Amino acid sequence: MTDTAVRKRHTGPAQSKKPVAVKEEEDLKKASQHAQSIKGVRLGDSRDKISLLVFTALALLMRWIYIGFPSEVVFDEVHFGKFLGHYLKHAYFFDVHPPLAKLTLTAAGKLIGYDGHFDFASIGDNYIENRVPHVFLRSVPATFGALCVPIVYLIMRDSGYNYLTCLFTTTMYLFDNALVGQSRLILLDSQLIFYMLCTIYSYVRFSKARHQEFSAEWYTWLLATGVSMAMTLSVKMVGLFIVAAVGLATISDLWSLMDVRRGLELTHVAKHFYARAVALIIVPTFVYLFWFWIHFSILDTSGPGDNFMSAAFQATLKGNPLTEQAIKVYYNDSITIQHRDTENFLFSWDKTYPLRYDDGRISSKGHQVSANSDPNDEGNIWQVLQTGDDISGQLTPVRHGDIIQLRHVKTDRLLMTHDVASPLLPTNTEFTTAEEGDEEKYEDTLFELRFDVLDLGRQLQSQMIHFQLIHVPTGVSMFSQTKKWPEWGVFKHDVNGNKKIIDRANRWIVKDVIGREPGEDKDEEGTKVDSMSFLHKFLELQSKMLSENNKLVAEHPYMSTPISWLVPTKGISYWHNPVSKGQIYLAGNVVGWVLGLASIAIYCGIGLADIVAQRRGFDLIDEPVRRRFQYSGGFLALLYALHYLPFYVMGRALFLHHYLPAVTVLYMLMGAVFEFMFIEGTTSPASNLVRNESEMKNHRPKVAANISTMRSMLTKTSYIAAAIIVIAQIGFFMWMVPLTYGTNMGSEMVKLHQIFGWELHFAK
């Protein structure tokens, strides 16, 4: 670190270290005249306008050039392109991400007349042969990605950083291979980052207007923060990270306003709270809900996502096959019961459990109850029996909460469980059967039928209603798994009593009602599409999105861990062509990512050293520099931490592209560290300190504020450092161009690019 990084910087006119007490209004105005004249950093000069135009043009060029190549489905385009088609066909589908980005792509497709005829079945399918406007569709995320570049410039400039720092930061961000490559395909990440940056920029502008509280500008940027935040969350659930960042910053802001030294009445603090609550909670909630309302309004027809949803939800979709084929279940009906996950059938027969298992445990030696993969086996058939004193001979529907018995038709025995360990899981109970009429075991044959919460109030129907069988005496739930019994059980699948009632593997459905056909018990009203409130549909979908996202744990050759992202040691092979030897490999610009990692270490080190120095009475950093480094740099550090660290506790499969929002913030934090190290001083204040009437009336102190002004100063070192780093960044970007754009590469060139253990094709 240079000497200028820590030594005292050149400041503006000397200020009195002690505030001057002012009691009269005239004295207050006179003492505050200097503070009132400071309007902060403002955009508008020609160099800022030119810079924004140049950066935007370069960003568009780098993303639009050769955007039609390859003219084939690439990586996750297979998913998001397919979703676009479902929207255009109104076919209900399920995705773990909120709908905004997909709706944007759909609107673009609709605009140019695309009808969604292509199914995006597999990677490598040809767009041109199938008449898919892939160039236009890819240009949408490319444009969002390009617009991120000028917003990065605006964030840095409005935060008060030197013009050179803004050029440096934006150029580093512009020439990142991963950010360019990801935004050139039909994917969601460029929209996610765009709205994230809009949120950051809006919050910066809101913070700069803090001395003009409750003004039109103040409200505008506060609302813009809330709306942008909601838009981010509406693209992907990781938008919760920016919500957390803004939430923490807002709590800190309100806590500062609560300080008695600010002199604010509690009613005035409450006004600040209500304004933020409306703009940052209520408005974003309605924005987020709005996109799901559009989502449900479009997807009103049965589609590939039906099976993820409850029976009540599916009944709201036109042409839902399960609704058409569902048969209502009544007592004394004979049915087959299928496990929801394994799709095996509840089964029994005359064979009994061995008296002693291989591990020495003892069984009940009762009749075996297992799960059978053969759907046509007669051992799958069970009769539903009514219990209690109100048994009637009339046709009685089976409903949620009923206490029932299940009689195995072939053996004429009743399903039961008891306090005996199951064959494979000693912690779970054994399922077996009992003789009908055995009074001693009557209680053990009683089961409560419990539906999923959204199906409450409905009659049990085949294929539609998911339910649990809860054993009345013990409270365990009938459970099955993919594990099979050994030879004594003819390798049937295990069934037992699970004490974890909330386990999703406890769900079953009625597959068939023996002797009954679909439609025979439906009247004319029964064929109509059911209704369901928007809020119920929304809450069900949110629950499914979160639960299914956590289930994305399947192994993938290009999945990676968060620690491997810091220096991109494992990328993602998006596409390759054996003929041309071209390939697209997602990997970050190693120069920028490594320097970003170093910037984090430097930021933390300097912050800690400054705290220790101040503790020992050494004031090595000018106060304006310290404030910029702590508040602006600290906010960026918080953003980075919230967009990176949570991935360490996620159980789902992770990929390099999950790191891109954090990398975006990392480049801005790098800019903050660059200015501290290589530029003398800082431009301060960045905010408009002209206090409006509300600020003057309600805020203390009634003394002149001790304002320290400063202008940043460039040195030869500033230019040399920026030039060296930027040249290295651009150089590595150009070296990575073949992998970013998929241009032809020979085997020798592939070998040269196979750094950090990257798994490239055609290296042999």
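Cβ coordinates come from backbone N, Cα and C, glycine included.
Among the ranges 1-28, 337-364, 421-448, the stretch that TrEMBL annotates as region 'Disordered' is 1-28. A Cβ distance under 8 Å defines the sequence-distant neighbours of the transmembrane segment (50-69), meaning residues of its chain 6+ beyond its ends; these are 134-135, 138-139, 142-143, 145-150, 153-154, 166-167, 170, 174, 180, 183-184, 741-742. Tallying C-beta pairs under 8 angstroms between the transmembrane segment (659-679) and each of 135-154, 185-204, 629-647 places 629-647 first. Counting Cβ pairs under 8 Å that are 6 or more residues apart, the transmembrane segment (161-179) and the transmembrane segment (719-741) reach 3 or more and are in contact.
Simply put, out of 135-154, 216-235, 241-261, 590-609, 719-741, 216-235 has the most Cβ pairs sitting under 8 Å from the transmembrane segment (273-294).
Between the transmembrane segment (216-235) and the stretches 135-154, 241-261, 590-609, 629-647, 719-741, Cβ pairs under 8 Å are most numerous for 241-261. Ranked by the number of CB pairs under 8 Å to the transmembrane segment (629-647), the listed stretches 241-261, 590-609, 719-741 are led by 241-261. Across the domain 'MIR' (326-387), the DSSP tally of helix, strand and coil residues reads 3 helix, 30 strand, 29 coil. Taking Cβ pairs closer than 8 Å, the transmembrane segment (719-741) reaches residues 65-66, 69, 164, 167-168, 171-172, 175-177, 180-181, 184, 582-585, 587, 589-592, 595, 674, 677-678, 749, 753, 760 in its own chain, all 6 or more past its ends.
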